[in-house]
Amino acid sequence: MPDIYLDNNATTKVDSAVVDVMIPYFTEQFGNPSSIHRFADGVAKAIKKARSQVQELIGAEHDSEIIFTSCGTESDSTAILSAIKAQPNRKEIITTSVEHPAVLALCENLEKEGYTIHRMPVDKCGRLNLEAYKNLLSDEVAIVSVMWANNETGTIFPVVEMAEMANAAGVMFHTDAVQAVGKIPMMLQDTKIDMLSISGHKLHAPKGIGVLYLRRGTRYRPLLRGGHQERGRRAGTENTASIVGLGKACELAIEHMEYENVQVKAMRDRLEQGITAAVPHCFITGDLNNRLPNTTDIAFEYIEGEAILMLLNKAGIAASSGSACTSGSLEPSHVMRAMDIPYTAAHGTIRFSFSRYNNMSEVDEVLKVMPSIVATLRKLSPYWDSVNNCPVADPEQAFQPTYA
Amino acid sequence: MWDYSDKVKDHFFNPKNAGAVAGANAIGEVGSISCGDALRLTLKVNDDTEVIEDAGFQTFGCGSAIASSSVLTEIIKGLTLDEALKVTNQDIASELDGLPPEKMHCSVMGREALQAAVANYRGEEWKDDHEEGALVCKCFAIDAVMIEEMVWANKLRTVEDVTNYTKAGGGCAACHEDIEAILEKVLKERGETFDPSAAPVAKPEPVVAKGPLTNLQRIKKIEEVIMSFRPQLMADGGDVELVEVVDKTAYVNMTGACNGCQMSAMTIAGIQQRLMEVMGEFIKVVPASQMPKLVTIEEASHA
């Protein structure tokens with residue numbers, strides 16, 4: 001059996017139809033879209049088409065609200081830095097404790113420059129308290145930046161409602177939607193979302209292409225100046241082939257939206273039901289009733305995530321983990337910590353994220369190997385009683401190592 | 001992901017001596033669940049000979065933590081306690097054909113579990129002597145705690161100072177922003193402000209040798225230079241000792257926590273550079289493990 005890829009929240013395979021539409025823009029139509037000759041005459045039109053394809057996927061009112069960038073991170077940085085530059089008197093930013101580092105690390109940096117950062121906590125299911133959010137909104141706040149869906153757990157935040165609340169308080173609203181776009185339907189023209197980030201490689205387009213949606217009329221300051229591209233809002237020669245590819249990927253995402261939410265979801269559900277039925281002492285993290293259809297994040301207690309991934313990899317299965325060791329840091333994932341998942345479980349979280357390229361027989365294959373992988377590692381764990389095949393009584397008490 | 005050696009993979013996929021030893025009379029428990037690795041080492045020690053007759057491990061941790069535990073039990077089985085205590089984290093890492101810098105702490109955990117188990121057998125209390133911080137310099141595997149301590153202890157003021165005293169930032173230079181942040185923090189606590197253009201504090205200058213030296217003086221001088229590296233190595237649980245000098249080659253033993261395959265090579269290069277500066281002659285520094293054979297004193301003095 002060929003290797004099974006269940007790490008689609010990290011990145012996705014570029015759809016072959018996307019590759020096909022890109023090729024001519026490397027070979028024949030390689031001209032600069034700003035040029036006036038036959039090497040470029042189709043390029044500007046192709047970019048225009050791609051812009052409308054993106055517009056359609058996210059339900060933007062105007063195609064000029066689509067700004068092509070180099071990645072999701074650039075879109076996030078552009079949005080937040082634009083808001084603070086355009087409103088120099090507002091010195092507060094509202095975000096959440098479970099954002100992607102693209103937002104969190106930027107906010108941490110702005111904190112050093114004197115900004116007050118409100119990182120909203122989440123409950124054990126990863127949900128926000130909207131009452132507390134409402135109390136934070138004021139005319140001191142430059143921007144609210146809240147992710148649409150969490151990359152680790154798939155938990156969806158009520159960004160449409162939160163944008164309404166921000167708008168009512170006169171505060172700009174940005175959402176990092178890199179995990180949500182293409183997986184759940186959206187109609188931005190019916191919302192009060194001012195800015196939204198997209199990353200191409202999360203939806204079967206190539207890496208190195210992103211989008212910032214910028215609602216018409218939103219006060220804006222570019223991150224990159226130096227050219228008229230993107231109507232002067234993002235200078236730099238267009239990444240034409242990737243823009244065309246992203247357009248195609250958006251078109252395909254619309255076509256597969258129902259498949260994603262029915263068949264892909266069914267694969268995910270079967271995997272997590274199968275695992276939780278077969279493996280003792282594991283649980284699904286996040287808001288189970290309000291998640292992306294493709295994501296499940298399962299905490300396997302008393303064992304460590306990187307070790308699980310290595311055994312999965314040996315079995316030809318690709319996934320990812322929130323453990324400290326996979327990133328080389330000293331702490332497990334900040335998302336798990338924010339949800340107050342105990343350390344003995346947080347280090348053992350494994351995220352399986354599906355795409356339309358997966359199938360049910362792959363799910364069966366994972367279900368076949370998962371119980372024995374967990375059992376193998378538990379046999380090695382000081383928190384596990386191998387004789388009785390259960391956790392040692394009161395694990396955190398029974399094993400209290402000297403801190404090293 | 002990590003570039004693990006085949007030996008690491010082998011010890012992970014086929015761990016040796018997994019599980020607790022029945023009737024163990026020495027138990028060492030170290031690690032930190034918040035950091036995601038913890039190890040319980042159980043030994044069966046012969047009360048008459050102090051020989052470790054059996055060793056078993058239980059590890060909560062990543063691939064290299066499990067591999068380090070496994071290889072540790074293989075190394076120490078059959079050794080006496082005193083022999084086993086000489087096993088360094090470097091030995092563990094070398095036996096695994098090296099570990100990535102971010103993973104060296106796995107081998108440190110192995111060594112510490114061993115120390116804790118021996119202390120447990122002897123009825124002593126074992127205390128961890130160092131705290132681990134977030135890795136700042138990936139070229140030389142220097143963490144934030146060590147940099148902070150050195151900045152405090154030596155009143156360091158600039159990134160250059162930090163590099164001189166800890167090596168951190170002396171490689172690719174990508175961590176200079178993080179080092180500046182540490183300097184800013186410590187200087188603020190000291191009531192000063194960080195000034196990137198401040199004059200660096202004095203380098204830890206060793207005494208410069210003058211005139212022709214006798215063999216004994218020369219070796220003493222070489223040892224003095226090598227000793228000057230010890231504080232910064234020991235600050236992170238490592239150490240270095242001069243084993244032998246043959247002609248223009250100084251053989252050293254790198255031990256302890258702060259050196260792995262790659263880092264130890266860098267450290268050795270640093271020692272060699274300093275030696276040449278001080279001695280005013282070409283001297284090659286080589287790990288003692290590469291010493292061709294035991295050299296007698298007569299041979300050494302004739303060289």
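A Cβ is built for glycine as well, from the same backbone N, Cα and C atoms used for every other residue.
TrEMBL annotations: computationally assigned, not manually curated.
These features come from TrEMBL:
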type: DOMAIN; residues: B:4-125; note: domain 'NIF system FeS cluster assembly NifU N-terminal'
type: BINDING; residues: B:Cys35, B:Cys62, B:Cys106; note: Fe cation binding site
type: DOMAIN; residues: B:135-184; note: domain 'BFD-like [2Fe-2S]-binding'
type: BINDING; residues: B:Cys137, B:Cys139, B:Cys172, B:Cys175; note: [2Fe-2S] cluster binding site
type: DOMAIN; residues: B:222-286; note: domain 'NIF system FeS cluster assembly NifU C-terminal'
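Other than the site residues B:Cys137, B:Cys139, B:Cys172, B:Cys175, same-chain residues with C-beta atoms no more than 8 angstroms from the centre of those residues' C-beta atoms, the [2Fe-2S] cluster site, are B:Val136, B:Lys138, B:Phe140, B:Ile142, B:Ala168, B:Gly169, B:Gly170, B:Gly171, B:Ala173, B:Ala174. Within the same chain, the residues at least 6 positions away from B:Cys35 (Fe cation binding site) whose Cβ sits under 8 Å from its Cβ are B:Glu132, listed in sequence order.
Across the structure, B:Cys106 (Fe cation binding site) and B:Cys175 ([2Fe-2S] cluster binding site) are spaced 23 Å apart at their Cα atoms. For B:Cys137 ([2Fe-2S] cluster binding site), the Cβ neighbour count at a 10 Å cut-off comes to 28, with all displayed protein chains included.
Considering other CB atoms within 10 Å as the measure, the emptiest surroundings among the binding-site residues B:Cys62, B:Cys106, B:Cys139, B:Cys172, B:Cys175 are those of B:Cys172. The average pLDDT the prediction assigns to the domain 'BFD-like [2Fe-2S]-binding' (B:135-184) is 89. With respect to their backbone Cα atoms, B:Cys62 (Fe cation binding site) and B:Cys137 ([2Fe-2S] cluster binding site) stand 22 Å from each other. Less than 8 angstroms from a Cβ of chain A: among the binding-site residues B:Cys35, B:Cys62, B:Cys139, B:Cys175, that describes B:Cys35, B:Cys62. Under the three-state DSSP scheme, B:Cys106 (Fe cation binding site) falls in the helix class. Using DSSP to sort the residues of the domain 'NIF system FeS cluster assembly NifU C-terminal' (B:222-286) gives these counts of helix, strand and coil: 30 helix, 20 strand, 15 coil.
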